[in-house]
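Asker: Structure provided below as structure tokens; questions to follow.
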Amino acid sequence: MLPPKIFFEKVKEIIWPIERKELKLFIPMALMMLCILFNFGALRSIKDSLVVPSMGAEIISLFKLWLVLPSCVIFTVLYVKLSNKLNFEYIFYIIVGSFLLFFLLFAYIIYPNQDIYHPNDEMINNLIASYPNFKWFIKIGSKWSYALMYIFSELWSAVVINLMFWQFANHIFDTSKAKRFYPVLGMVGNIGLIIAGSVLVFFSSGQEVIDSELLPDSFNSPAGNAIMLQPIMSIIVAAGIIAMLLFRIINRFILTDSINVLDTKKVTVKTKTKLSVIESIKLVIHSKYIGRIALLIICYGLLINIVEGPWKAKIKELHPNTIDYFNFMGRFNIWMGISCVTFMVIGSNILRRLGWLISALLTPIMLSITGLMFFIFIIFIEEIGACFGDFNLLYAAIIVGAIQNILSKSSKYSLFDSTKEMAYIPLSLELRTKGKAAVEVIGTKFGKSLGAFIQSLIFIIIPTATFDSIIIYLLVIFIVMMSLWIWNVIKLNKEYIELCK
């Protein structure tokens with residue numbers, strides 16, 4: 001038996017592998033990630049709560065394909081051009097500030113006055129009756145401001161988290177530090193999801209924060225929803241400003257060594273080349289290693305998109321209005337955050353003790369097990385109901401889907417993100433910086449958009465199709481892509497080991 005002092009040191013190493021001298025850098029980085037992930041959790045719930053109850057879960061696939069993917073491509077072009085003219089610090093302020101400005105405009109100007117900007121329901125219904133195959137595009141046009149909010153919310157994840165924050169972290173930490181820092185960073189950051197969920201539940205509960213005279217008739221009107229939305233958006237903007245201040249503090253007062261200050265102009269100096277947009281994309285295409293990282297992201301995005309659509313459709317059946325949907329997503333965020341923090345504690349030890357390969361394989365394994373459980377439950381829901389007697393099958397389906405979503409994303413945030421980011425570290429600064437920009441933004445959304453293409457094509461050709469009617473085809477795609485993901489992880493591991501030597 002170990003002496004108490006050694007035992008507690010071992011426990012500390014497992015739960016908190018950060019050394020005291022590293023806290024000066026770790027604490028602001030962790031707080032910065034907490035703010036960014038708070039916004040991610042809140043925005044994810046807001047976009048779904050606006051879109052699904054008013055337009056249907058099926059329309060999400062069209063959003064991701066026809067709106068989010070082109071937006072990501074445009075942003076990648078702009079980012080590469082900015083990276084050749086400005087240093088990373090200024091790019092960070094410009095990008096995050098632009099997001100925060102839009103969120104304020106949406107909450108205080110666009111959303112409360114949407115009746116002025118959106119066409120009336122009679123016109124939309126007449127257009128849908130005349131052009132049934134364009135039903136979903138007409139619906140997008142009818143709620144164009146919701147579409148804009150959806151795009152900006154999706155880009156927050158791809159741009160601010162995956163590109164800006166992790167690129168900054170990858171430059172600061174080497175491989176050995178990343179094994180210790182990244183899981184704990186994620187653990188602290190995911191507390192932001194719990195806080196976001198709590199904020200959403202508080203403001204969507206109604207009676208506690210809304211004048212009772214507004215309830216119940218006005219609470220689901222744009223005016224009532226705006227009363228709930230505006231304070232949440234104000235908190236989101238405040239969190240974004242805090243993240244920018246922390247970024248400023250890290251650059252100006254903590255990273256005193258000029259080598260550690262990330263400056264995309266230095267890429268040009270070191271390599272004596274200035275990449276154009278086309279050259280940057282070619283660099284990614286011609287690098288098999290970067291291609292494999294992109295395939296990881298594509299597989300995850302496609303698979304989670306295939307499972308999420310049917311699940312959100314079921315939530316709409318149970319919670320058909322914005323406020324109830326919002327409240328459910330807030331509670332979902334709380335459980336997601338708790339699960340993520342728990343997985344982060346486990347994941348940090350798996351990564352340090354079992355290595356990159358096992359850690360990278362656990363996410364697809366977790367997703368395959370929980371995803372298959374969800375599909376089987378939906379396909380055989382009546383048979384399952386007959387076996388277990390009289391209970392709310394719709395509620396049970398939503399709970400199974402929620403468990404699938406929580407466990408899959410928890411393993412993704414704790415292990416997938418950390419192993420993916422570690423895969424970039426052995427690369428040259430040039431490939432890491434500009435290659436990551438293309439892979440993270442385009443790769444992240446291409447995976448979801450590929451799943452969205454399959455679904456949206458069906459919904460366009462067959463306007464009456466629903467997720468229930470195409471579920472068996474989604475299951476087949478799920479199994480094929482899961483097999484490809486596992487094979488790609490094994491291949492990438494061999495190349496990662498070679499580069500680390």
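Cβ coordinates come from backbone N, Cα and C, glycine included.
The transmembrane segment annotation in Swiss-Prot covers 23-43, 59-79, 90-110, 146-166, 183-203, 227-247, 293-313, 326-346, 361-381, 383-403, 446-466, 470-490.
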Asker: Between 59-79, 90-110, 146-166, 361-381, 470-490, who has the most Cβ pairs under 8 Å to the transmembrane segment (293-313)?
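Answerer: Between the candidates 59-79, 90-110, 146-166, 361-381, 470-490, the best contact partner of the transmembrane segment (293-313) is 470-490.
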Asker: Same chain, outside the transmembrane segment (90-110) by at least 6, Cβ under 8 Å from its Cβ: which residues?
Answerer: 43, 79, 82-83, 117, 145, 148-149, 152, 155-156, 159-160, 164, 168, 226, 229-230, 232-234, 236-237, 240-241, 243-244, 247, 264
Asker: Does the transmembrane segment (361-381) make contact with the transmembrane segment (470-490) through 3 or more Cβ pairs under 8 Å, each pair 6 or more apart in sequence?
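Answerer: Yes, since the transmembrane segment (361-381) and the transmembrane segment (470-490) share at least 3 Cβ pairs closer than 8 Å, they count as touching.
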Asker: Determine which recorded stretch among 227-247, 326-346, 383-403 has the most C-beta pairs below 8 angstroms with the transmembrane segment (183-203).
Answerer: 326-346
Asker: So which residues does the transmembrane segment (383-403) touch in its own chain, when a touch means Cβ under 8 Å and the partner is 6 or more beyond its ends?
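Answerer: Residues 307, 310-311, 314-315, 317-318, 332, 335, 370, 373-374, 377.
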